[in-house]
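Notes follow the structure.
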Amino acid sequence: MPGLSCRFYQHKFPEVEDVVMVNVRSIAEMGAYVSLLEYNNIEGMILLSELSRRRIRSINKLIRIGRNERVVVIRVDKEKGYIDLSKRRVSPEEAIKCEDKFTKSKTVYSILRHVAEVLEYTKDEQLESLFQRTAWVFDDKYKRPGYGAYDAFKHAVSDPSILDSLDLNEDEREVLINNINRRLTPQAVKIRADIEVACYGYEGIDAVKEALRAGLNCSTENMPIKINLIAPPRYVMTTTTLERTEGLSVLSQAMAVIKEKIEEKRGVFNVQMEPKVVTDTDETELARQMERLERENAEVDGDDDAEEMEAKAED
C-alpha cells in the first residue's frame, strides 16, 4: 500500500509552455533525465542547450542529481512518451508561480493519499478514481488545475457543503472532511520584531511613550499589537494572526510609524530584528531573557534600598 501513486492533474501529460516541477534523476551527454513530479514521475529530458542562456562551464553548478527544478515544456510526444524541457526559458516570475502551484497541488495529493490509506485502498486505480471524483471535479469546475481543488478544500474547512455535489459514499466523505480539517485549518502564528527606541531630549520619556503608543494604534481587531520592554532602549513587538503575510506587513507598518514619531522628537530608532514568525523555542528564550532582566533589576533596586537605609542609619 505504500506504493499507491497518482498524477496530480486530470491530463496525463503536460502541455507545451506549461511550467512544471521536476526532480533530476541522472545526467548524461545529451542532457539531464528528470521525473515530472506532478505527473506521477513520468520521464522527461532537459537538453544541455536548454540548461542555461550562458556558456556552460560546469554542468554541476547548473543542475544536480536529486534537486528539484522548475522547467518549461517545449515538446511533448504523447505516443512515444517523450517530453523535452527547458530550464533556461523559465522566468523568475514563472518559477515562483510553479512553486506555488506545486505546493498547493502536493497538499491536495497528500490529503487524498491519506484518505486512500485510511480507507485501505490497495490499487493505484482506486486512488485515481478518488481524484476523479474529488480534486479533478473542482479543477475542471474552476478551470484551474491544481488551484481549483486546493481552494475548494480550503473553503470546505468552514463550509463542508461544498463537497455535497461530489460522488462520495458516507465513509469517503467523512474521512475526506477529517483530513481536510487536519491539513488546512488555519494555524495562528506569532510574529515578532525587536526594536530600539530612545530619546535623550528634555521630554525624552514622553517622546518614547508617544511613539510606542502610535505603533500600538496600528493594531486591528484581528491583529492586536503588543509592545513589551526588554531593557531600555530595547522593546519587543508581537502580534498573533492567521494571516502570516498580513501580520508581517502590519508589524512593519507599526515600526515605520514609531520611527517617524520618535525621529520627529530627534530620538533614535533602530531595528534589532526584522518582523518574523517565531517558534515556541524563540518565545521560551525571550521569556527567560525577560525573567533574567527582572531579577537583575530587582537586585539593583535591593542595593538602592540597602544604601538608602545605611544613609539613614548614619544620619
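Note: Cβ is positioned from N, Cα and C throughout, glycine not excepted.
As given in Swiss-Prot:
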DOMAIN    17-88  domain 'S1 motif'
MOD_RES   Ser49  phosphoserine
MOD_RES   Ser52  phosphoserine
MOD_RES   Lys141  N6-acetyllysine
MOD_RES   Ser158  phosphoserine
MOD_RES   Thr279  phosphothreonine
MOD_RES   Thr281  phosphothreonine
REGION    293-315  region 'Disordered'
COMPBIAS  299-308  compositional bias 'Acidic residues'
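Known features from Swiss-Prot, placed on the structure.
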{"residue": "Ser49", "record": "phosphoserine", "CB count, 10 Å": "11"}
{"residue": "Ser52", "record": "phosphoserine", "CB count, 10 Å": "15"}
{"residue": "Lys141", "record": "N6-acetyllysine", "CB count, 10 Å": "12"}
{"residue": "Ser158", "record": "phosphoserine", "CB count, 10 Å": "9"}
{"residue": "Thr279", "record": "phosphothreonine", "CB count, 10 Å": "11"}
{"residue": "Thr281", "record": "phosphothreonine", "CB count, 10 Å": "8"}
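Taking the Cα of Ser49 (phosphoserine) as the reference point, the closest of the modified residues Lys141, Thr279, Thr281 is Lys141. Confidence over the domain 'S1 motif' (17-88), given as mean pLDDT on the 0 to 100 scale, stands at 90. In the three-state DSSP scheme, Ser52 (phosphoserine) is classed as coil.
Per Cα geometry, Ser158 is the residue among the modified residues Ser158, Thr279, Thr281 nearest to Lys141 (N6-acetyllysine). The two recorded residues, Thr281 (phosphothreonine) and Ser158 (phosphoserine), show a Cα separation of 31 Å. DSSP assigns Thr279 (phosphothreonine) to coil in the three-state reduction, placing it in neither a helix nor a strand. Separating the Cα atoms of Thr279 (phosphothreonine) and Ser158 (phosphoserine) is a whole-number distance of 26 Å. Cα of Ser158 (phosphoserine) to Cα of Ser52 (phosphoserine): a distance of 46 Å.
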